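Asker: Before we start, here is the structure in question, set down as structure tokens.
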2 protein chains.
Amino acid sequence: MRRSERIVRITEELLTHPYQIISLTDLAKRFEAAKSSLSEDLGIIREVLEMEGKGTLETQAGAFGGVRFIPGISNEEAVSFVKGLGRELATGDRVLPGGYLYMTDVLGRPDILDRAGRMFAERFGKHQVDVVMTVETKGIPLAIATSRYLHVSTVVVRRDQRVTEGSAVSINYVSGSGRRIQTMSLSRRSMPEHSRVLIVDDFMKAGGTAKGMIELLQEFRSEVVGVGVFMETAEPETKLVSNYVSVARLSKVDEFARNVEIELGNYFSKNYENNVLGNIQQ
Amino acid sequence: MRRSERIVRITEELLTHPYQIISLTDLAKRFEAAKSSLSEDLGIIREVLEMEGKGTLETQAGAFGGVRFIPGISNEEAVSFVKGLGRELATGDRVLPGGYLYMTDVLGRPDILDRAGRMFAERFGKHQVDVVMTVETKGIPLAIATSRYLHVSTVVVRRDQRVTEGSAVSINYVSGSGRRIQTMSLSRRSMPEHSRVLIVDDFMKAGGTAKGMIELLQEFRSEVVGVGVFMETAEPETKLVSNYVSVARLSKVDEFARNVEIELGNYFSKNYENNVLGNIQQ
């Protein structure tokens, strides 16, 4: 096999299998190549991925050695993505009655989901996530985009219990902003106990829904390793969840002037590690 | 730039931008390469993609020429995927009270979504899809996986009207199996008129929900170019929608023996083109 052909095949295999270890012995056999040639190929691929800010490769040495693709995003690409998003959301007539911001359309766009998913993968990838969890409906596309890059399953919390979900655990929680009692429900079969869970959602105002999901996870004896939201609101400043990562922050919605201001989220703040680690279940 | 490095960069760029035209002039500039060398690189990449059954490249000649990645899946991979899925769904205790089959977990798994998404992209890609549409909740992951490969937006029909969606069009429809009147609603802002729409859903029994979505689309003066479902049921044999593509078919659920039989869907039938083209709105 020609070298350039081998490089295309390895690049394709790595990119489409994020976080999955590919054995060097298998590669060597399939491509009838010496491990030293493969190492050279992998060196080039890693160099390009890092240079383009798309992530990196992680190589494990030894007889059972392998390589895996760790997806990511450069700070530069993330900043330019969120700034562009902010401009887009601030123009057009997106302010709805009640002061809500219409952003359902952007949450269905593959380019936006791809970048947000890579941002969450970049930030939470090293925390051994077993499951990405979200609540229906608008958080699902983001959760799917994130779980694809982390190569884990997405689990969807329902607002009501459905016959197609089998037995479920339900909890009541207080929505942070409205102070209303709401219910959420998760199928018993959806997740093994003692899972490490990344919560992903589209929007966080007071954080009541995220807090509800964290409480629900205790019923599954599972641990929250992070909370990622696409858009947080500046108000209220104090959220019910102490640690979370936001892609963007909605600092102002003026229903009458139909004016919106969007800033970079806390993903970009210097002490962002504080938003990931630490006791998130406090 | 070394040739192997250039090949990695082009492969990465193509794979992560399905259906998006990349200009040859831009590539030549960025990589300081002659177009003839690029053509050779692209030839190798296309050869590998086709050999591995991952799709192909489409090249447009001329001064404004470009290249784009058309994702796909080989029949071999699709058959082995659906057979494996069938075995998995037939084992384990998946029969729920009422004879429902639990499959929410598989619809959250990235490996399964990836293959189903590529199957729908393979089958519907040539029909100039503008939008992938689904109805909440369980169809959303599939729709997102499909729209990523087709590089179009996903639009989610809601079961009820939400303040965060702005003004919406609602219709009542009759669920095919239960003969109950249900409501579905789609935000006015979600889709421009005269869109070409691919409907994707997780499950089809009688087809009432798909029929409802087709009716809803008439309110948007939009056209259905195809209906793709993950799992159809063998009964009732006559669906309310005449043309659709199914990945798998549930031929038997025995609630008492807790026994399930799953077959290949009509995606694999020889005259599958009949399931895509023709007057789907009849």
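Cβ atoms here come from the backbone N, Cα and C positions, even for glycine.
A TrEMBL annotation is a machine prediction, not a hand-curated record.
Features from TrEMBL:
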{"type": "DOMAIN", "residues": "B:2-71", "note": "domain 'Bacterial purine repressor N-terminal'"}
{"type": "DOMAIN", "residues": "B:110-256", "note": "domain 'Phosphoribosyltransferase'"}
Asker: Taking only the residues in the domain 'Bacterial purine repressor N-terminal' (B:2-71), give me the average pLDDT of this model.
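Answerer: Over the domain 'Bacterial purine repressor N-terminal' (B:2-71), the predicted model scores a mean pLDDT of 94.
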Asker: Quick check on the domain 'Phosphoribosyltransferase' (B:110-256): DSSP residue counts for helix, strand, coil, in that order please.
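Answerer: Summed over the domain 'Phosphoribosyltransferase' (B:110-256), the classes give 47 helix, 55 strand, 45 coil.
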Asker: Counting by DSSP secondary structure, give me helix, strand and coil numbers for the domain 'Bacterial purine repressor N-terminal' (B:2-71).
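Answerer: The composition, in the requested order, is 38 helix, 15 strand, 17 coil.
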